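I have placed the structure first, in the form of C-alpha cells, so that the comments after it can refer back to it.
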Amino acid sequence: MACNGTGGGGCESGGGCYNDKNNQSPTQNNNKSTSDCNNNNNRNTCLKCKSSEATIFTGGEGGGRFCAECFRSNLYGKFKLAVTSNAMISPVDKVLVAFSGGASSRVALQFVSEMQHKAQKNFDATANRDRSLPVFGVGVAFIDESEVHPIASGDLDKAIEDIKGIVLNLAPPTKELHVVPIRSIYSTKTNDGKEMLQNLINTVTDATGKEDLLTHLRMMSLQKIAIENGYTKLVLGSCTSRIACHVLAATVKGQGYSLAADIQYADARWEVPVVLPLRDCLMQEINILCNLDRLKIVEVFNDSQAGINGLISSFVKVLQEENPARECTIVRTAGKLTPFPFNRIPEANVDDADLASQRRQKRFNLKPIESLPPEAFCPICNSPMSCYKNSQPLDNIFGATCCSSCQYQILPEEPSSMDQFYSFLPESIISRAKNGNEKWIREKIQDCLLSDGEDEV
Amino acid sequence: MEGGGGGEKRTMKMCCICNQRRPALKRPKTLQQICRECFYEVFEEEIHRVIIDNNLFKRGERIAIGASGGKDSTVLAYVMSELNRRHNYGLDLFLLSVDEGITGYRDDSLETVKRNEIQYGLPLKVVSYKDLYGWTMDEIVKMIGLKNNCTFCGVFRRQALDRGAALLKVDKLVTGHNADDIAETVLLNILRGDIARLSRCTSIITGEDGPIPRCKPFKYTYEKEIVMYAYFKKLDYFSTECIYSPNAYRGFAREFIKDLERMRPRAILDIIKSGEDFRIATSTKMPEQGTCQRCGYISSQKWCKACVLLEGLNRGLPKLGIGRTRGVNSEPKKDDSQIGAKNIQSKPCGSLDF
Ligand SMILES: [Zn+2]
Ligand SMILES: [Zn+2]
Ligand SMILES: [Zn+2]
Ligand SMILES: [Zn+2]
Ligand SMILES: [Zn+2]
C-alpha cells in the first residue's frame, strides 16, 4: 500500500499509513510545511495555546498549527463534542467498539477508553455518595475475515496477538475482546458456514458489489456480537475522510435517497444503534495522532479498495490535495440532506440526569427529525427505500425487495444463479426480506402495542 | 445473448436488438452490440420518451434551440426537428445563437449554425454581446486579461440566450445539456457544498417561474452516444473548443465521470438518479427572484450580475462583481469554496449553458 509522506504528512490510504517502517515523528513528516512558513514570524507558536512551539501542521481550513498537547486535546475535543451533543454514550450503556486494526478505529478505541477511564476516576472519587453515576462498559470486537481474505495463518495469529496486546494495554477498566469469524453470521446450526459464506461471495461477479456485500456482512456480524453480549451501542471509527468517500460512493451507486441515513452521528435503524464519534476528524489528523502517541496499528487484511470504491478514494485524495477543506465540504453538503427519524438515539436510552443537562445545551442536535419514515429497508444493505418501488418488474421475489443498487451490483443476473445466491444467504438477510426491518417497525408502532398478555393473533 | 445453446450455433454475431444486421457499434450506455439503424432508433426513441414522459412541450408552442455549433446542440437541433416531424409534436422550432465576438472561434462556429439553418430548415436568430452589452468577448479579454473571463462568459451568455428567446417570442428554450453534464453538475454541487443548486440541478425543466423556461431533452443521453450519433449521421458540427478555455484543460470531475463510465456505464444514470432522490428540505430554495433595477432582467439583487459586470467594464474597474470583490450589491459571496473550485470543473466558460 502506497504511503504518501509528502504534502504535510497527509496520507489517505485508510489505515495503512502508520506502517512507515521508520516510525517518523510528525515533526519530520512536516519539514516541508515548516520551511514554507519560514517568513512568518509566529511560525513556531501553537495557534491554540499561543505559547508552546507548534510541531504539528494540519491542512484543514486556515491550516492548523499546534503543539502536541493542543493537537491531542483538540482532536479529543471533537470526539467528545460528537459524543455528548448526540447522546452517543450514557452511563448505563455498554458500548462495543469495532476495531479493524486500522488507524481510525484505533483512535476510536483510544478515545472511548480515555473517556471511560475519566468516568471511572470520577466514579471512584464520588463512590460514597448516592449521586454517583455508573461507568459505561466498553468491549472490543475484531471480525476475522480470513475466510474471505486469504491470509497466512501465522500472520493472522500474530495480528490477533497484537490486537489482544493493544486491548490489554488500554487504560483500566479491563475490556473484553471478541474475536469472531465473519462466518458467524450463519446460525450455529449451519456447520458449513465457511463454505456458505465463500459461495455467497463468489456468486457476486461485480468487484465493487463483492466488496460492499462484505461490508454489509461485517456490520451484521458486529450487530450479532453486540446483541449476544448485551451491548447497547456500536462505535465505528468512520472519520470525515471515510464518510466523504461514502457520500460520493452512494451518489455514484444511485443511493441518493438513503445516503442521509448513513452519514449521521447516530443510526438507530440497527438492533444495536451505531454511532460515529469520529465523524468530524480527518484521516490526516488520525494518522498524526497514531504517530504522535505511538498507537499501534495492525494491518490484517489488505484493505485496498476495488472497483468504484477504489476510483472514488483516489478521486477524493486528489481533491483533498487540491483543497485541504474538500472532505469537510463534502460531508457538510451531505449533512444538509434531511436525515431519517432513526438518525438519533431513542429518548429512552438517554434518560439520564448527567446527559440530560448536557443535552439541554445542545438541544438543536436532538430535536426529533420530522420526516416521513421510509417504507422499506433493503434486506442486503439495510438502506431505507423510498415508497415508489423500482419500476422494473422482477420475477424473483427476494430480488424485488432489494434496493436497485444491490440488485445491480450484488444480485446475480441469471435467474438460475439467483436461486443459488438465495440459498447461500444467512438467515438474518432472509428474515429481513420477509419481515422488513422488524426493529424499526416495532419502534414505529410501539406506543400502540398492548402488553404481551393481551397480545392476540 | 439469451439462451446459451442458440448463441453457439450462430458463428456470426448479430445485432442484439434486431438480430438481422451485423452490429456496427457497442452502445456506450448499455454495452450492447447493435447495428447502426437500431442505434439511431433507440437513441431517438429514448429522447422521444423523455419528451413525452415529462410533458416537455405542448402542441403549438414556439421553441428555441440554443445552438452553439457544437456537437450537443447540433445533434439536438437535428433530433428535435426529426422527432417534431415524425411524431407530429406541432412545434415551431428556431435556432438561437449567441455571438460572443471571439475571433477565430465563434465566427467559425456561427458559420456551422448558419449551415444547420439551411440543412434542417430551422430559422436562426443570432444575438451578439456587442449589440446587447456594447462589448465583444475579445474586447473584454483585452481589458481584464484571461483570468476571469469565464465569469463573463457564463453570466453574459445566459442572459443573452434569454434575451434572444424573448426577441423570438418563444415559449421555451431547449439546451443540449447531456447526462454527463448533469452528472458532473451533481458532483460539483456536492464538492462545493451548494445544497440549493444540488436540489434543482437535475430538474429537466428549470426557470418555470422566470420569463422563459428551459428544458433539457438530453438529460439522460450520454455524451459518447451524442458524439457517435453525430459521427454516423455525418452531422456538420464545429468541434474546436473556445480559445479562452484551452483544450488541454480537463477538470477533475469530468475525468472522474469518464473513469466511472469506463468501469460502470450506468454510473452516469445512477448519479442523476441520486441527484433526483436526495432528501432536501423544500425550504432550501434559491434566493427570491426580483428584477434588475437597471435592465429589468430577473435578479435576486438590486442589479443583475450582467449589469454589475458591465458597470465595472464601463468604469474601467473590471474586477467589480467577480469573486469576493464587493460591488454595487455589496453582498459577500456565500459559496465557501469558490477558490480552487475552478479546476475541478471541466467547462469553465459556461458552455454548460448551451
Ligand atoms: Zn499549544
Ligand atoms: Zn441494498
Ligand atoms: Zn439492429
Ligand atoms: Zn441588469
Ligand atoms: Zn470562458
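Even glycines carry a Cβ here, placed using N, Cα and C.
Copied over from TrEMBL:
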BINDING   B:G66, B:A67, B:S68, B:D72, B:V98, B:G176, B:D181  ATP binding site
DOMAIN    B:63-247  domain 'tRNA(Ile)-lysidine/2-thiocytidine synthase N-terminal'
DOMAIN    B:290-320  domain 'Cytoplasmic tRNA 2-thiolation protein 1 C-terminal'
REGION    B:324-354  region 'Disordered'
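According to DSSP, B:D72 (ATP binding site) sits within a helical segment. Across the domain 'Cytoplasmic tRNA 2-thiolation protein 1 C-terminal' (B:290-320), DSSP assigns 10 helix, 4 strand, 17 coil. Under DSSP, B:D181 (ATP binding site) is assigned to a helix (H, G or I) in the three-state scheme. Residues B:G66, B:A67, B:S68, B:D72, B:V98, B:G176, B:D181 are recorded as binding ATP; their most distant pair of Cα atoms lies 20 Å apart. Other Cβ atoms within 10 Å of the Cβ of B:G176 (ATP binding site) number 28 in total over all chains. A strand conformation is recorded for B:V98 (ATP binding site) in the three-state DSSP classification.
Most other Cβ atoms within 10 A: among the binding-site residues B:A67, B:V98, that distinction falls to B:A67. Neighbour count (other Cβ atoms within 10 Å of the Cβ, all protein chains): 26 for B:S68 (ATP binding site).
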